[in-house]
Every structure is written in C-alpha cells, then in structure tokens.
Amino acid sequence: MSHKVKIYDTCIGCTQCVRACPLDVLEMVPWDGCKASQIASSPRTEDCVGCKRCETACPTDFLSIRVYLGAETTRSMGLAY
C-alpha cells in the first residue's frame, strides 16, 4: 500500500531519513536550495509501508519529511472515528 510522502524545503540534506527507511523508498537528489546541495526525494512511494521511521529520524525542528497515511491504514490502526 502506498502512502503520500511529502518532503518540505526545510530539508537540510543530512540523509538521516534515507538511512532510516527500511524499504529504500527515499533517495538523495542534487538541489541547490540548501548547504548540502542535496535534498531527500521519494521516487518509490508505492513501496512505503507507513512506518514513519523517516519522520522520527529527521533532525529539523519542523519535520522536513512527512508520511500521510491513507484512509484504509488509519482505519485499520484504530485512528479513525
């Protein structure tokens, strides 16, 4: 099941989220918008299982990466009304 993975421009290019992902959903790509000259990208969101390890690994104050779980996952986890 794929989930929406959103990477914000607050990404500092540290690679923590890429290393934390157990399914290699994320990768770093060149980007001139930060000091590291790279930013996380999510080319394989269809492989995302929604574990949110990437969110946990993100060191920025405002999480630079967010995983938005689909309605079916939210319901099966008992998070829906």
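Heads up, the Cβ atoms here are built off N, Cα and C, so glycines get one too.
Note that the structure is predicted; figures quoted are calculated from it, not measured.
The average pLDDT computed over the domain '4Fe-4S ferredoxin-type 1' (1-31) stands at 88. As annotated by Swiss-Prot, domain '4Fe-4S ferredoxin-type 1' applies to 1-31, with the evidence given as sequence analysis.
What Swiss-Prot records for Cys11, Cys14, Cys17, Cys58 is [4Fe-4S] cluster 1 binding site. Using a 10 Å radius centred on the Cβ of Cys58 ([4Fe-4S] cluster 1 binding site) and all shown protein chains, the other Cβ atoms total 23.
If you look up Swiss-Prot, you'll see Cys21, Cys48, Cys51, Cys54 marked as [4Fe-4S] cluster 2 binding site. Look at Cys51 ([4Fe-4S] cluster 2 binding site): DSSP puts it in coil. Every protein chain considered, the tally of other Cβ atoms within 10 Å of the Cβ of Cys51 ([4Fe-4S] cluster 2 binding site) stands at 15.
Here Swiss-Prot flags 39-68 as domain '4Fe-4S ferredoxin-type 2', drawing on sequence analysis.
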Inquiry  = Within the same chain, where does the domain '4Fe-4S ferredoxin-type 1' (1-31) have neighbours whose Cβ lies under 8 angstroms from its own Cβ atoms, ignoring anything closer than 6 residues to its ends? I mean 6 or more beyond.
reply    = 37-51, 53-60, 62-70, 72-73
Cα-to-Cα gap, Cys48 ([4Fe-4S] cluster 2 binding site) vs Cys17 ([4Fe-4S] cluster 1 binding site), nearest whole Å = 13
Ask   = What does DSSP say about Cys17 ([4Fe-4S] cluster 1 binding site): helix, strand or coil?
value = helix
Note = If you measure between the CA atoms of Cys14 ([4Fe-4S] cluster 1 binding site) and Cys51 ([4Fe-4S] cluster 2 binding site) and round to the nearest Å, you get 20
Task = List, in sequence order, the residues of the same chain other than Cys21, Cys48, Cys51, Cys54 whose Cβ lies within 8 Å of the centroid of the Cβ atoms of the recorded [4Fe-4S] cluster 2 site.
result = Val5, Cys17, Ala20, Pro22, Leu23, Val25, Leu26, Val49, Gly50, Lys52, Arg53, Val67
